[in-house]
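Participant: Dropping a structure here in structure tokens format, bear with me for questions.
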């Protein structure tokens, strides 16, 4: 069988490189030369590598070839996006931003109160957190549609982690101190990740992990709200499914039928409006307005009934955010808890905010700088911790409402904050008779959408390890704890990464007739073996962690091929070709393994050939002098050229 190699002139190699990596036989037969990459110093290599790691988007490309004044203006726009969109803002956009701002405010007010309760904080803290953070984000943020405020997941995690050590009912001041301190550390972490461009760290929270985590958290949160829906006064502070259900049925004597009837009725109403808006997106305003309508109606009903069995929010103080800088807690036995809570809530809220911002940016075909968003969200939380706010980020539900309402810029966040300000200054007494049951119904409606069983089913069909990570997160949250459940899922995800690194895929390749393509024999039925050749593709970097495995797996491929040949009485193997197209990197252990493999095969009268090593792999092989042992015909640009050239050399042998 003869394969025609492509005969084109190649002048990219200089004379020295040619002598190092090619032979005169290659030049005469038209086989391409395998060239070394251009020479670079160690500093140049390090600089390029760090640039690829931390600056893949080249954020400073706009500053090139600009005047000093222009660079100053671009710098302001870079750090404060308001200077970029502000001068271009026109009154044509005001109407859309006002409508969307008022719409998300109608959702943010009841959700803010509800999520504060979810974090075991006073309800007023939720409104404070819906006022200051959106204003800061409107100056620093780059997303046009991100609606900022408290979110269910971060609120749940903060409430769970802090309540395990401190009870708000027993030590309210200490609890508030820890909440504000945790918010500060969350902001410091988020801003640091953005400033040092370390956002890739949050990628360890895979979608599968978050899917299971959010579903488990949604179940726990929903069960916790049975306290409000049933009218129970005494309830467990634990967040595992067993003690929560046990507490529900242990306190059956506290159940209130008036609370149950009203709570279930409003829950059905909220779920129905959510379903309507889901099926008909143009009616998004129905589900957006439903929480505020429910709060108003339930408050009026309780005020008219004057029922003492229905628990209400009670007094909420009027006025804007009081300063809380003096409440930050930097000493004592609970500092470690505040830091740990800040890290966990910071990572989770940052993940949600970045994901939501990028989602709506993609829908409107504009870019969101992830690192700038991290800095904006981080500074927002740092400032919020000094203004009586707890952890906030971009909310998916409010952002979706903001987008559907026609928001054009972040001015919608300013309108929302102004609406919350009016509420704080003048409307607080109206919430005195707002029942806790409506807050429970709002929370259940919000978190129930986090249970995506269809996505879990897709994980099962596509990737079983992802499904295991999802289940680990889900059951860990349900039966152990929220932070440990998340840690278990992250551990499973890291194990998956290590498994792929230490046990990479290898395949035996065959030739597809009529082409110069070599593909997996197990994947393509049309692929055929080439007599006397065994072609093995390695689909991973050659590292110390997998070098021994790759050597053993290669020898096993050879043994299995020899056994097959013996059974079928075919031509014996003479040459083993390693297709290194997918070997993106190699270290000294990998180089030693290749050299050792060559020696083993040489003793068995088998030739080892390398095909298509990438630039940095080629450079390391050359610098280590490993190529000298392979000889002049041990390295080829493609598998097809290796087969053609080696086959022709065998024909010329006497």
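Just so you know, glycine gets a Cβ as well, placed from its N, Cα and C.
TrEMBL annotations: computationally assigned, not manually curated.
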Participant: Examine the ranges 101-120, 121-140, 321-340, 341-360 and name the one recorded by TrEMBL as transmembrane segment.
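Facilitator: Spelled out, TrEMBL records transmembrane segment over residues 121-140, not the other listed ranges.
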Participant: Which one of 284-305, 504-525, 526-547 shows up in TrEMBL as transmembrane segment?
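Facilitator: Checking TrEMBL against the ranges 284-305, 504-525, 526-547, the transmembrane segment one is 284-305.
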Participant: As a test: from 173-196, 208-226, 467-495, pick the stretch that has the greatest number of Cβ pairs under 8 Å with the transmembrane segment (374-397).
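Facilitator: Counting Cβ pairs under 8 Å, the winner is 173-196.
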Participant: Under a criterion of three or more Cβ pairs within a distance under 8 Å and sequence separation of at least 6, are the transmembrane segment (437-455) and the transmembrane segment (255-272) in contact?
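Facilitator: Yes, the stretches contact each other.
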Participant: Under a Cβ pair cut-off of under 8 Å, which of the recorded stretches 72-91, 121-140, 255-272 contacts the transmembrane segment (284-305) most often?
Facilitator: 255-272
Participant: So what's the mean pLDDT when you look at the domain 'STAS' (523-646)?
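Facilitator: Mean per-residue confidence for the domain 'STAS' (523-646): 91 out of 100.
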Participant: Sequence-remote contacts (6 or more beyond its ends) of the transmembrane segment (72-91), Cβ cut-off under 8 Å?
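Facilitator: 59, 62-63, 66, 138-142, 144, 372, 409-411.
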Participant: Report, as numbers and ranges, every residue of the chain located at least six residues beyond the transmembrane segment (147-167) whose Cβ falls under 8 Å of a Cβ in that stretch; write 'none' if there are none.
Facilitator: 104, 108, 111-112, 115-116, 118-121, 126, 129-130, 133-134, 137, 141, 174-175, 178-179, 182, 213-214, 217-218, 220-221, 237-239, 334, 337, 340-341, 344-345, 348-349, 352, 380, 390-396, 398-399, 401-402, 412-413, 416, 443, 446-447, 450, 481-483
Participant: Can the transmembrane segment (467-495) be said to touch the transmembrane segment (208-226) if we require at least 3 CB pairs below 8 Å and skip pairs under 6 apart in sequence?
Facilitator: yes
